2 protein chains.
Amino acid sequence: MKKHNFNAGPSILPQSTIENTAKAILDFDGIGLSIMEISHRSKEFQAVMDEATALFKELLAISEGYSVLFLGGGASMQFAMVPFNLFEKKAAYLNTGTWASKALKEAKLFGEVIEVASSKEANFNYIPKQYTIPSDADYFHITTNNTIFGTELHEDIDSPVPLVADMSSDIFSRPIDVSKYALIYGGAQKNLAPAGLAFVIVKDSVLGKVSRAIPTMLDYRTHIKEGSMFNTPPVVPVYAALQTLKWMKELGGISVLEKINKEKAALLYDEIDRNKLFKGTAAIEDRSLMNICFVMNDEYKSLEEEFGKFAAAKGLIGIKGHRSVGGFRASTYNALPKASVIALIDAMKEFEKAH
Amino acid sequence: MKKHNFNAGPSILPQSTIENTAKAILDFDGIGLSIMEISHRSKEFQAVMDEATALFKELLAISEGYSVLFLGGGASMQFAMVPFNLFEKKAAYLNTGTWASKALKEAKLFGEVIEVASSKEANFNYIPKQYTIPSDADYFHITTNNTIFGTELHEDIDSPVPLVADMSSDIFSRPIDVSKYALIYGGAQKNLAPAGLAFVIVKDSVLGKVSRAIPTMLDYRTHIKEGSMFNTPPVVPVYAALQTLKWMKELGGISVLEKINKEKAALLYDEIDRNKLFKGTAAIEDRSLMNICFVMNDEYKSLEEEFGKFAAAKGLIGIKGHRSVGGFRASTYNALPKASVIALIDAMKEFEKAH
Ligand SMILES: Cc1ncc(COP(=O)(O)O)c(C=O)c1O
Ligand SMILES: Cc1ncc(COP(=O)(O)O)c(C=O)c1O
Ligand SMILES: [Mg+2]
Ligand SMILES: [Mg+2]
Ligand SMILES: [Mg+2]
Ligand SMILES: [Mg+2]
């Protein structure tokens, strides 16, 4: 049976990423060795790193003055690396969910943190819009897509201080204006690559301003200077990232993906709204294009488990909602085909008819 | 042509590790999805993590009271994580090479570091034996195998203070007495897995004694508590590590590997000594079983480049020495077959005959 993979992350990747990575593990570029067994300093792997970095910049139209880094450790390590590199006296955070809260908590180890706004009181079902960013903050941190709660900031906001964004779960889902940001980071394991890799886009000029001594591996300047090769990089995830970047380029780039993502999300949200059994959990204007959260309407609550099984039997994988929200979450990342969304909608319709 | 892979790291892995990893990337355990596309919280991946951790402990006979962790970031991140977790007022380091020097340099960010001894004056061609470990140091750090210079500590030493060892390039090459160590760490990319993974063996009771606030991701206790799954782990490298651990177990365990490693190294060192063209660079008693460094004797120095080409033409890959030593380095990690060592020896003999 065909599987429809709605996992929230690690999550579906393009078939070409999967196949080319498996191939390179057996024999990399016909050199008779696995990509896992060659030096990261070999010209073959250096070419992979260079091409991945260049294509990453090209797809997001990243201009001069910004560096793109591929690092180990995941997005959670960035929760600490950001303050190590940017926090001098005070930082401001927008609290829009579990990940934003974790990022904020980490920053508190470094000094005064201003939570400019939070939607915690409403179980993070919306993104606060009315808040003031302190003009004396070293930076302002946002989480553009809240993977767990299914809310998303659809615009690049303005900030009077350097803007830092966790884009773990919406990078490459829409064109962004990188020039509005000082730093963008994320775990690669949603729209880019398998787990074990983080990406960082950083404006070079914001670095070198803090007075602390930064441990070498936690200093972005180390990795900029060495082109993400200060130490042995996560070779397989970087190779897989390159395959996904190529796939995005072949598809026509990020604006094509945005169009498809909007279409997929609209189809599913429309069905959630129409279907008598279901309702969405996020404020309509903040609905995420990547993580679509929905629950059973109160009068059908008892059918929740049954729908879960019904969907699983149809090959719809990974739609159980995070325990913080309950119900269902369908992650509709770039690589998820429209056919999978339609399969889910068909299941929702069929289940409605039966009840 | 068959390739003989003498790369220093990333380096040769067992064929079963390569094939099983490629297979799991195409379809993991027959579930119809790639191992790259499923949740790390799925029961399928949890089983991989649990089995890898258990097998790691079993193969090294690690007793209760120690935790085994799989982390992102590589060994270089451990250069900082060790002092974050263990450095209170003073630490002692033995300086036996480039990596030891880097570890020592990182510790200096945390306070007073005593270099108990160094072989730098002799281009790190031996391991100092006469030194005093300050009894008031928080820990004593050693590098058991010096990948670049081809020296190795063949015994587990005694230390009056907690002993910390970088075993990046000799882990699993011989049985070790883990109870003599407070902490052992390394990059996985030599004897275990592809790059992008570090292993840590830590005695639980040495943690929690420093007064600093440790960033969450840099605190070993975070990862102990969450079984290496505090955040998304490097899924593919962990899966590959499990394959290598299984391979070692099937072979009969670490003592069998040690026997083979000794045999391979003896064959090659014997040829280096016998052959009029070559000589070893490391002090005989400290010769590494994993990284065998040799140069041309003075009167044959001009043949160096020619031998490099001669060897490459025979499929002998990765034998160029590190620039700090020059000449040649044959890395003879666990997965390197004896046949590859013999192929190298044959090439050395043939080249000698011709000159
Ligand atoms: C928005 C966001 N930030 C951070 C993280 C943490 O990522 P990692 O597991 O790579 O540390 C996640 C993981 O899902 C996420 O969705
Ligand atoms: C002994 C030793 N320590 C540390 C390192 C650094 O490892 P990584 O590249 O994973 O940071 C190496 C790399 O070769 C090594 O051989
Ligand atoms: Mg969230
Ligand atoms: Mg409805
Ligand atoms: Mg060394
Ligand atoms: Mg000789």
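Just so you know, the numbers here start at 1 and follow the chain as drawn.
Heads up, the Cβ atoms here are built off N, Cα and C, so glycines get one too.
If you check TrEMBL, you get these features:
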type    : residues                                                                    : note
BINDING : A:Arg41                                                                     : L-glutamate binding site
BINDING : A:Ala75, A:Ser76, A:Trp99, A:Thr147, A:Asp166, A:Gln189, A:Asn231, A:Thr232 : pyridoxal 5'-phosphate binding site
DOMAIN  : A:5-338                                                                     : domain 'Aminotransferase class V'
MOD_RES : A:Lys190                                                                    : N6-(pyridoxal phosphate)lysine
For the recorded positions A:Arg41, A:Trp99, A:Asp166, A:Lys190, A:Thr232, proximity to chain B (Cβ under 8 Å) holds for A:Thr232
Long-range Cβ list for A:Asp166 (pyridoxal 5'-phosphate binding site), cut-off under 8 Å, min separation 6+ in sequence, same chain only, gives A:Ala75, A:Gln78, A:Trp99, A:Ala100, A:Ala103, A:His141, A:Ile142, A:Thr143, A:Thr144, A:Tyr185, A:Gly186
A:Ser76 (pyridoxal 5'-phosphate binding site) has its Cβ surrounded, within 10 angstroms, by a count of other Cβ atoms equal to 23
For the residue listed as 'N6-(pyridoxal phosphate)lysine', the three-state DSSP class is coil
A:Asn231 (pyridoxal 5'-phosphate binding site) and A:Lys190 (N6-(pyridoxal phosphate)lysine), compared by Cα position, are separated in whole Å by 24
Recorded positions A:Arg41, A:Ala75, A:Ser76, A:Lys190, A:Thr232: those with Cβ under 6 Å from an atom of ligand 1 are A:Ala75, A:Ser76
Listed in sequence order, the recorded positions from A:Ser76, A:Trp99, A:Lys190, A:Thr232 whose CB sits under 6 Å from ligand 3 are A:Trp99
When the recorded positions A:Arg41, A:Lys190 are compared by other Cβ atoms within 10 Å, fewest goes to A:Arg41
Cβ atoms other than its own within 10 Å of the Cβ of A:Gln189 (pyridoxal 5'-phosphate binding site), all chains, total 31
Listed in sequence order, the residues of the same chain lying six or more positions from A:Thr232 (pyridoxal 5'-phosphate binding site) whose CB sits under 8 Å from its CB are A:His40
Comparing the Cα of A:Arg41 (L-glutamate binding site) with the Cα atoms of the recorded positions A:Ser76, A:Thr147, A:Gln189, A:Lys190, the shortest distance belongs to A:Gln189
For A:Thr147 (pyridoxal 5'-phosphate binding site) and A:Lys190 (N6-(pyridoxal phosphate)lysine), the CA-to-CA distance in whole Å is 10
Rounded mean pLDDT within the domain 'Aminotransferase class V' (A:5-338) lands at 98
Among binding-site residues A:Arg41, A:Ala75, A:Asp166, A:Thr232, close to ligand 2 by Cβ (under 6 Å) are A:Thr232
By a three-class reduction of DSSP, A:Asn231 (pyridoxal 5'-phosphate binding site) is assigned coil
For the binding-site residues A:Thr147, A:Asn231, the largest set of other C-beta atoms within 10 Å encircles the C-beta of A:Thr147
